[in-house]
Amino acid sequence: MTATHGANPLRDAADRRLPRIAGPSGLVIFGVTGDLSRKKLMPAVYDLANRGLLPPGFSLIGFARRDWEDEDFAQVVHDAVKEHARTSFREEVWQQLSQGMRFVQGTFDDDEAFNTLKSTIDDLDKSQGTGGNFAFYLSVPPKFFPKVVQQLKKHGLADQKEGSWRRAVIEKPFGHDLKSAKELNAVVHEVFPPNEVFRIDHYLGKETVQNILALRFANTLFEPIWNRSYVDHVQITMAEDIGIGGRAGYYDGIGAARDVIQNHLLQLMALTAMEEPASFDADALVAEKTKVLGAVRLPKDLAADTVRGQYAAGWQGGERAVGYLEEDGIDPKSKTDTYAAVKLEIENRRWAGVPFYLRTGKRLGRRVTEIAVVFQRAPHSPFDHTATDELGQNALVIRVQPDEGVTMRFGSKVPGTSMEVRDVSMDFQYGESFTESSPEAYERLILDVLLGDANLFPRTEEVELSWKILDPIEDFWDKHGRPAQYESGTWGPAEADEMLARDGRSWRRP
Ligand code: BG6
């Protein structure tokens, strides 16, 4: 196994003179005909190759039911790369990459197909020099995870041989609740050792998310005020303008809270709230994140301090949008949430009494993900109160996407003869400060899997603690009523505004 668990993501990102290049290896994608594979995984593999970060003989095997030959598969990858890759298409890179592409046709219970997969890997080891090092990417619905890992075991594909590695890469959602996540962890760990299991939370692969750690721990400016003495509350928003598109089969019955709060938003919260880790290796990071997740306290009154919503018809981007219950493939009586907001607190010395408001939704006003740390008002103001009538609270906003950067909001004197103070902002924009564009999250994560670098992957403990937070909320929702309706293209149900208004606060309009 490559011993890179101690790698430092901050140093790696900053030091372009030391590119981290994967050693001999290959990737097998299960569920290769799906959307994720076409839009994210295949382009990410090409982008890595184009940046010179993959080994010369890198191999990509697709596994699916389609009746494809290797050439058909290569053509699909080609088209996906042309359409979705971040970097420009270069024929010589493509020619080299496509040498190592193979397709294996079969279903997950098809023993013959897994035998073929095994012989394909053995052949690639010889022809492409992949060295027996393969990662198996499970981009399949969670109900198939156990079957696929058991098949890998049965056919000797998960055997860790001396001097080489076999890894499992598992897409979210990891389970449906705490119980199923534990069962899944047990099945996966029976086959793969914990350090060879990489659970994907693609938010952790985003540059702006990694920058939370740089912002907090590479500077002196923020950390002294990053606590209950100065922070009034924190708002974490992940808003999307899209609906569920063609994902009815996946989404219905899962909903917004399980789809993104359990993973992306709780991870953002953990990174925002955690103590400084002793180092930036995976163990130290996990230790700090799990302390935060373990200290989360749910609101006493779940009816008042959690909200779920479902989009109704409306207007989105100038077009008429149908409501969730009218979407193709959705049960017209579905109670699935497409919007969720929760108020959480963290019971520790740093954060006691500071609410963390998390919200996410589909078909909202616009696509934006941000973390807003909102500070308390100045304890005393020497100005006449009319001077500060229009002054809001100071805030530090980490803009995760799409307009990546950081904004600081504070009060400033309006030019003129009288003293009037108004909000202004100071802005850092990635696009202006750096010339290179940020790699896609999946580029970073696939590279890290091949390098065996586990820093950006949630561990068992984190996944289970996150379900522990969400389970009581989901149970409560199950038993009480239906989601509130909100018009597509708006900022969610009125109940979510009321939830903050009761605390004397309001959601930011990002
Ligand atoms: C996925 C969710 O994890 O994240 C999707 O399953 C969501 O429902 C997507 O649309 C959003 O990702 P991003 O990177 O576009 O914010």
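Note that Cβ sites are derived from N, Cα and C of the backbone, with glycine treated the same way.
Owing to the predicted nature of the structure, the values given are computational and were not obtained by experimental measurement.
Positions annotated as domain 'Glucose-6-phosphate dehydrogenase NAD-binding' by TrEMBL: 28-211. According to TrEMBL, the NADP(+) binding site annotation covers R65, K172. Positions annotated as substrate binding site by TrEMBL: H202, K206, E240, D259, K362. What TrEMBL records for 213-508 is domain 'Glucose-6-phosphate dehydrogenase C-terminal'. The active site, proton acceptor annotation in TrEMBL covers H264. Sequence annotations record features per position, and here TrEMBL assigns compositional bias 'Basic and acidic residues' to 499-510.
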**Rounded Cα-Cα span from the residue listed as 'active site, proton acceptor' to E240 (substrate binding site), Å** = 13
**Asked** Of the recorded positions R65, K172, H264, which one sits closest to K362 (substrate binding site) when you measure Cα to Cα?
**Response** H264
**Prompt:** Are any of the binding-site residues R65, K206, D259, K362 near ligand 1, with a Cβ under 6 Å from it, and if so which?
**Reply:** D259
**Sparsest-packed of the listed binding-site residues (E240, D259) - C-beta count within 10 angstroms** = E240
**Prompt:** From the Cα of K172 (NADP(+) binding site) across to the Cα of H264 (active site, proton acceptor), what is the distance in angstrom?
**Reply:** 10
**Asked** What span in Å does the substrate site cover, taken as the longest CA to CA distance among H202, K206, E240, D259, K362?
**Response** 20
**Asked** What is the total of other Cβ atoms whose distance to the Cβ of H202 (substrate binding site) is within 10 Å?
**Response** 19
**Request:** Looking only at C-alpha atoms, tell me how far H202 (substrate binding site) is from K172 (NADP(+) binding site), rounded to the nearest Å.
**Result:** 9
